[in-house]
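All remarks here apply to the structure that follows.
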Amino acid sequence: VSVMLQLPLVVTTQVDLVLVLVSLLAFWTRLSRLSSPNAVVFDEVYYGQFVSLYMKRVFFIDDSGPPLGHMIMALGAYLGEFDGNFVWNRIGAEYPSSVSVWSLRLLPAVCGALCVPLVYLLTLELKFCHLSALGASALLLLENSLIVQSRFMLLESLLIFFVLVALLSYLKFHNHPNSWFRYCWLLLSGASCAAAVGVKYMGVFSYLLLVGVASLHTWNLIGDRTLSVCVQCVCRAVCLLVVPVLLYVFWFYLHLTLLHRSGPHDQLMSSAFQASLEGGLSRITQGQPLDVSYGSQVTLRSSASQPIPCWLHSHKANYPIRYENGRGSSHQQQVTCYPFKDVNNWWIIKDAGRQELVVSSPPRPVRHGDVIQLVHGMTSRFLNSHDVAAPMSPHSQEVSGYIDFNVSMAAQNLWRVDISNREAESESWKTIMSEVRLVHVNTSAVLKLSGVSLPDWGFRQLEVVAEKLFKAHSSSLGWTVEEHRYGTSQEQKEREAELHSPTHIDVDRKMSFWAKFLELQWKMLTVKQEDSEHKYSSSPLEWITMETNIAYWLHSSTNAQIHLIGNPVSWGVAHLSLLAYQLLAAVYLLRRRRGLKDLPDGVWAQFVCLGCVCVGGWLVNFVPFLLMEKTLFLYHYLPALCYLHLLSPALLEHTHTHLHARTLYPVLHRSTHQLSASQLQALKWRDSWDILYRRR
């Protein structure tokens, strides 16, 4: 005991002063004067809207990516006591004194600053020297495009931060095979991968790279009989596959838990999703009957009406006797899909064998397979279809409100209820929850929204047709009961008054998290906003040659401005290093193929690892953009660029150590003072750069 408790107790530690220095410089370049300019800069106008919605707990959907990045920025806003009451309507709008601009930009700036020491440590884990680590961190430290992107409320610095943490953690795990603590690094790597994907889907590229490297390492372990291969594989699978998936789901759980109020993006979601939010549709549908019964009064929303919702509709107007192309119609009452709430959207579910249009006591629910009639509430016309060509889709059947003109055109108004998401064959038709297909009994055609707008005679409303099931796309066939009440008035006049004043019955109805999660995922992947050409959009090849820049902000009265633009020296070095590595790797491989090993096995493994991480990282973060048809900007290239900045000093060390070449150091320059018009003109090194000038 006396040996174990010898005094004094001494703790010895080592501090890398170079690491401390580059870290301090990184925080200085990213955080100094963070509130300047005190105005909305470029995409802050876009992301700021989501931050405001988080502060107000209002639901939204960003079809460009997952919610974690927005939540991190919202955390900064919360720490600055931002209440969300700022209108993000234009770039350059001045922030009021009540908005803490510093806190809004704080967390992206902190993550951007931390990227510098992370690159330093990552270079060391790749088994290169401290001088190479200093070079890599200096390239990131002085890269003006990364500085600009980090200093504002934007997502790229968050994405790069989590990607670097994931890579560093995995390499620490791989490089320390004899420590059980290394599994903490593996767990951190998996969590960081989930965070990277949760910030932007671009994070998937680096995640797949890391999983590929880990798979290769695991394959090499299988031949080692001294290890428990099963345990090794399970640990890697749990940390790098299971944990990221669980955390990815958790980001959405937080997102949906925080945003519980109705908002401007509700219409993108299903009726069930909308009804689960406070306000909006839930105020209309609160207390509605759950089971659709004979005599129910309903509005039917098309599942295909995205992103703008529309409801089955009819009105006192008939199809023209003849269309402009000479084809004839039934001249019966028009049936359309109308994208606004309207009393003419109400329909009554009628039992084909009875005359009553009211709900009996007790109510008789409509079940899967039942044959019904649909009566238009305001005009009492039956929903009908027949072998007459639809007005805009002549290969489909016309759908009408039946009028008997005594012209030997009998009513064909029977429809079979097909609940497509049923769990049992006898399942009843549920309000909001059930998605049904209405199959025309006489022709076996299915009621569907064609999506084509009718001409002026149809008031530009959307065409509804009946189409054979084998022709129709399944996603366009579904209908959902959104508003619902039990009808009590048999007479037409009383029923019209009833349609204007709905009644409610208390029913508790909720939507599960998993149902909301899956629907939100589907909407994010399928409901895309139309891409439009942007003044500062660019192609991937322009990123490499620096043919493009982005003007982020221009002062309202002077020439002061902020641009996202690359450092020509460091970008040139980065791309030359990429080319040099590929040429050198080709030479090494050809010589090794002929039995000439220029490098010891350990150095060769180090060289290959460098290529897998840096060249592989550049490829997976650049090549996919060549295949994309979306609007792209220069900042999409920044994750790929970071891999090249990591490559350059390491490759210089390799060539110096093993090929005895001279080491080159890039010279970087940064200027922050206000410039005159002539000075700005002098900085326009390329004719394609768009530098803004203030007119006097």
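A Cβ is built for glycine as well, from the same backbone N, Cα and C atoms used for every other residue.
As recorded in TrEMBL, the features of this protein are as follows:
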- 7-28: transmembrane segment (TRANSMEM)
- 102-121: transmembrane segment (TRANSMEM)
- 128-147: transmembrane segment (TRANSMEM)
- 153-173: transmembrane segment (TRANSMEM)
- 204-222: transmembrane segment (TRANSMEM)
- 234-254: transmembrane segment (TRANSMEM)
- 289-352: domain 'MIR' (DOMAIN)
- 363-420: domain 'MIR' (DOMAIN)
- 427-484: domain 'MIR' (DOMAIN)
- 569-590: transmembrane segment (TRANSMEM)
- 602-627: transmembrane segment (TRANSMEM)
(message) Based on DSSP, tally up the residues of the domain 'MIR' (289-352) by helix, strand and coil.
(response) 3 helix, 31 strand, 30 coil
(request) List the helix, strand and coil residue totals of the domain 'MIR' (427-484) as derived from DSSP. (result) 6 helix, 29 strand, 23 coil
(request) Residue list, the transmembrane segment (153-173) vs rest of chain: Cβ under 8 Å, 6 or more residues beyond ends. (result) 41-44, 47-48, 51, 65, 69, 72-73, 104-105, 107-109, 111-112, 114-115, 118-119, 121-122, 125-126, 146, 182-183, 185-186, 188-190, 192-193, 195-196, 199-200, 202-203, 206-207, 210, 213-214, 613, 617, 635, 638-639, 642
(message) Treating G and I as helix alongside H, and B as strand alongside E, what does DSSP give for the domain 'MIR' (363-420) in helix, strand and coil?
(response) 0 helix, 26 strand, 32 coil
(request) May I ask for the residues of the chain that lie six or more residues beyond the transmembrane segment (204-222) and have a Cβ under 8 Å from a Cβ within it? (result) 163, 166-167, 170, 174, 189, 193, 196-197, 229, 232-233, 236, 240-241, 244, 612-613, 616-617, 620-621, 624, 639
